[in-house]
Amino acid sequence: MPYPFQLGFQDATSPIMEELTYFHDHTLMIVFLISSLVLYIIILMLTTKLTHTSTMDAQEVETIWTILPAVILVLIALPSLRILYMMDEIYNPHLTVKAMGHQWYWTYEYTDYEDLTFDSYMIPTQELCPGQFRLLEVDNRIVLPMELPIRMLISSEDVIHAWAIPSLGLKTDAIPGRLNQATLTSTRPGVYYGQCSEICGSNHSFMPIVLEMTTLKYFEKWSSMMQS
């Protein structure tokens, strides 16, 4: 869950989000070092009284500031490409769930089950129970087993939406006539909140996503109850 005045990411609950957090820290450190160096040079140039009026060129310096940025870009690109391939890889998913965006709610279909489909609407503020979160709670949560690879098929019935859960490092566009896919794996049980992350009309802010990650035993019990 996010909290007021939060500066960093939400707690990672998937391997992908952990990798994204590490990459963020790695890139931010490089940016910090470069910014510190540039600031130091600017201060040095403004405060020193020494000048080199006879210097016309400096091949060594030009070579350094050509090669060094290239090395820095490689250091950023390699882990970035690795994470991109990890996000696209879908290997032997245990379960497939289709999420369809509507104005302004979500429909979920568990394709591995014969009749397990439901709509998920935001609970209005006046109907919330004590302890529930305003604008984030839904009447039907999507329930998935933890520690197993899950494939999400995401599309839309009307306009462009986006299915996003920050704790899982997941954001996939829901485009009418196109079926996008993503994979998710949770390393621990819990309830994770997200929202439509693509402006989709007047009630765009009122189509939250609530994902409950549980044990496999509880998930099987829940799926049997939903089909009965």
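For all residues, glycine too, the Cβ spot is worked out from N, Cα and C.
As annotated by TrEMBL, domain 'Cytochrome oxidase subunit II transmembrane region profile' applies to 1-91. Residues or ranges marked as transmembrane segment in TrEMBL: 27-46, 66-85. The domain 'Cytochrome oxidase subunit II copper A binding' annotation in TrEMBL covers 92-225.
Below 8 angstroms of C-beta separation, residues 72, 75-76 of the same chain, each at least six residues beyond the ends of the transmembrane segment (27-46), sit close to that stretch.
Each residue in the domain 'Cytochrome oxidase subunit II copper A binding' (92-225) gets a DSSP state, and the totals come to 19 helix, 61 strand, 54 coil. Across the residues of the domain 'Cytochrome oxidase subunit II copper A binding' (92-225), the predicted structure has a mean pLDDT of 92.
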